[in-house]
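Q: First the structure, then my questions, so here it is.
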Amino acid sequence: MATNENLPPNVIKQLAKELKNLDETPPEGIKVVVNDDDFSTIFADVEGPAGTPYENGVFRMKLLLSHDFPHSPPKGYFLTKIFHPNIATNGEICVNTLKKDWNPSLGLRHVLIVVRCLLIEPFPESALNEQAGKMLLENYEEYARHARLYTGIHALKPKPKFKTGAISESTTALNVDQTNSSVLNVEQKNTALQLPPSTLATCMTAGGGKGGGNGQAPTTETGVSGSAAATPHKKESGLAKVQADKKKMDARKKSLKRL
């Protein structure tokens, strides 16, 4: 069994600090599972981003740290079966951050955010799963159908807080159901690539802030009270904002390819 003895003392100290920070303030949609006895294997539960075929699923992944970390990048694997161009059938993750673009100064937080962003913006040109990569390029709807099927069968189910994160904790179960129905109706009118502003802002930050100088980063949505959810004007403003963010996202897609 691997132990912290496999890592240098200075690395253990830095990892302990990082893991404590990740546990206290986790990145959006990511929960790290900490094992104080073995920092060489980092587990995390990754929530499928809204607006993607992985939505409503939670995926367990792990990062394996070598004895010379951080000089060498960790190796990433999805333990939950997933249909994705850049994730092999054995779970291996292919992303530049863990390969040619690795930098010893990058922290675990950055790595985890980049992996989640990969669920938003796959790169079929460097596919480990050739079937998924070809399908994504030739027939997106068929690819999305396969990915949703895998998500429904293999992914863990999100806790209630994942579905109601934008709603006040004091909201009753009835109001939660009504709000989720409204959100579903809005999503059905938009394409699968229209993502929440907070998710886009997180991915742009992970990419080094490229493209962010031409405009302000989208603002994270706050809690919605019962009266606010019932205001038609705010609903219309929300739809207009989603459409505006879609245009911004299209202009920023190229920046994500540096991840």
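Glycine is no exception: its Cβ is also placed from the backbone N, Cα and C atoms.
Here TrEMBL flags 10-156 as domain 'UBC core'. Residues annotated as active site, glycyl thioester intermediate in TrEMBL: C94. The region 'Disordered' feature in TrEMBL is assigned to 205-259. For 206-215, the entry in TrEMBL reads compositional bias 'Gly residues'. Positions annotated as compositional bias 'Polar residues' by TrEMBL: 216-225. Residues annotated as compositional bias 'Basic and acidic residues' in TrEMBL: 233-248. Per TrEMBL, the feature compositional bias 'Basic residues' maps to 249-259.
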Q: Non-local Cβ contacts of the residue listed as 'active site, glycyl thioester intermediate' (under 8 Å, 6 or more apart, same chain)?
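A: In sequence order, N86, I87, A88, S126, A127, L128 meet the Cβ cut-off.
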Q: Mean pLDDT over the domain 'UBC core' (10-156): what is the value?
A: 94
Q: Write out how many residues of the domain 'UBC core' (10-156) are helix, how many strand and how many coil, based on DSSP.
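A: For that range the per-state counts are 58 helix, 27 strand, 62 coil.
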